[in-house]
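**Q** Let me begin by handing over the structure; questions about it come next.
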Amino acid sequence: MPDLSLFGHDPFWLVVAKSVFLFVYIILIPLVAVLAERKVVARMQMRVGPNRVGPFGSLQSIADGVKMAFKEDLVPAIVDKPIYLLAPVVSVIPAFMAFAVIPLGGEVSVAGNTTALQLTDMPVGVLYILAITSIGVYGIVLAGWASGSTYPLLGGLRSTAQVISYEIAMALCFAAVFLHAGTMATSGIVGAQHPTWFVFLLLPSFLIYCVSMVGETNRAPFDLPEAEGELVGGFHTEYSSLKFAMFMLAEYVNMGTVSALATTLFLGGWSAPWPFNLIPGADAGWWGLLWFTAKVWTFMFVFVWLRGTLPRLRYDQFMRLGWQLLIPVSLLWVMLVATARLLRADGHAWATGAQVVVGVALTAAMIGLFLRAGRRPAAPPEPEPEPSGEAVFLGFPTPPVPADAHRVDNPKGGLLEPLAGFAVTAATMFKKPNTEFYPEQKVPTAPRYHGRHQLNRHPDGLEKCIGCELCAWACPADAIYVEGADNTEDERYSPGERYGRVYQINYLRCIGCGLCIEACPTRALTMTNDYELTDDNRADLIYEKDRLLAPLAPGMVAPPPAMAPGTTEADYYLGAVTGGAPAAEQPAPAGAKGGAR
């Protein structure tokens, strides 16, 4: 078990190697967390998530980082530029520094040197983490103030109040831990959790810490400093490109930091969980790093689960939770832990068991307060019945209000509804996604699906369109343009006197309503099942006549053909011409002209 005497004796090259290893370990947290969050939330919503960049979308985070780096870096004219540029740095550096005293594993051997999988440790390691993580809020406050805009300033002020409120509760959780462990060194706290983890001995502290760490990292449902619906983007509204990326990096690294700290303080750090701890050497050497990482990512999953399940709290609810519940309970619990420690020092072995029992009771009391605070208010009194069958409002009769309109059936407690939400999202993760893997797998459309338009032909190849422009007049989006022209004996395109010389449909405007189909008197215009209309430029989304005409079927004659011998215009409209080309003409192969590009 590493202790403080093990630190300070590593060769310089080993200290550098451990620093590089820790930096890479931290950098991997946001890269993996962003992808995992998008994948997990997608599964909760019965989607697939990122699946384009790399195998199964595994390189999506790298692609997003490159894209972010090449975005235009805008600096508004009204900002306080030095502080504006400094704020992202102040936010991200403390997130990395906090990991310096967190033990990732036990003692390992590297090139013949025995060292701890921890960069360093100190007698006040927990206080160091608390102080360093508190510095990060200055970056948020400075970003809001230096942006010179109202929304970022409000986001910065919210963040200040949020961190102050929940930092107190978190510090009291730390106090309970090092009172029980008898040390503030992180390696010593991990050693004090053999064989019983503090999550069982200090259950109220663990519960309060889990709530506080979500508020400390500004994550949903406590993401009030960057509430999109109220503050646009909060404190980083005016940031873009790499400066915005630094704030995102700080957020995800902070998630990893508080998760690693929860693992260290309450879940035994790098020690193996039951029943693996029964295996000799299960947490020796590099195995400890595996257990530590697994516990950290369990907390990271809970962060994502919270985001995918719970809505954002109101600001007054959030502050009331911190000041009226978490802080008073934390103060009471710290006094109880201190009393139990004093009793143990006097030789009363039963104090530990009593502490566990009181902790469970206090946790149940907290849950009860949650239920009471979240219970729906009682239904208002039933309204007095109207004197007549109708009420009159502004001279207009309105129906009477039913007597049970305000009745609430089966009101649920404050925690039961969120728990039901967690059950729903957990069950949805294992359902088959509804995402269609287009274009690799194209699902056939319904038979009556209306997609791209088509100009139809008569059985001998003549066009049905007569250039009447009724379709253009019927289009509510003004997406169709038609120019008619006269047929001649030498150049005939339709059986009648007129044909559509120019026919255009602008698919940037078309809404697919089908009114043009209903307006066509000759059934010349129909809609096909083709839904692939996307293009990379505007010009190609304006379909001309040659792209709208139906392809020539076998037996049809390439335009301009003559009318079938012995037929009149009426024969075409009555359906007397059923197929075959005129004897004087040579049939064209199918698809010779017209159809989709």
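Every residue, even glycine, has its Cβ placed from backbone N, Cα and C.
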**Q** Which of C468, C475 shares the [4Fe-4S] cluster 2 site with C510, C513, C516 per Swiss-Prot?
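**A** Looking at C468, C475, the one Swiss-Prot places in the [4Fe-4S] cluster 2 site next to C510, C513, C516 is C475.
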**Q** What does the DSSP secondary structure composition of the domain '4Fe-4S ferredoxin-type 1' (455-485) look like, as residue counts for helix, strand and coil?
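**A** The composition, in the requested order, is 5 helix, 9 strand, 17 coil.
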**Q** Are the transmembrane segment (286-306) and the transmembrane segment (318-338) close enough that 3 or more Cβ pairs fall under 8 Å, when only pairs 6 or more apart in sequence count?
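**A** No, since the transmembrane segment (318-338) and the transmembrane segment (286-306) share fewer than 3 Cβ pairs closer than 8 Å, they do not count as touching.
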**Q** Among the binding-site residues listed here (C465, C468, C471, C520), which has the Cα closest to the Cα of C510 ([4Fe-4S] cluster 2 binding site)?
**A** C471
**Q** The transmembrane segment (195-215): which same-chain residues, six or more beyond its ends, come within Cβ distance under 8 Å?
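**A** Answer is 162, 165-167, 169-170, 172-173, 176-177, 180-181, 189, 221-222, 258-259, 261-262, 265-268, 271, 277, 302-303, 306, 318, 321-322, 326, 329-330, 333, 337, 352, 355-356, 359-360, 362-363, 366.
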**Q** Between C465, C510, C513, which of the binding-site residues has its C-beta surrounded by the fewest other C-beta atoms within 10 Å?
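**A** With the binding-site residues C465, C510, C513, fewest surrounding Cβ atoms within 10 Å: C513.
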**Q** How many Å lie between the Cα of C465 ([4Fe-4S] cluster 1 binding site) and the Cα of C516 ([4Fe-4S] cluster 2 binding site)?
**A** 12
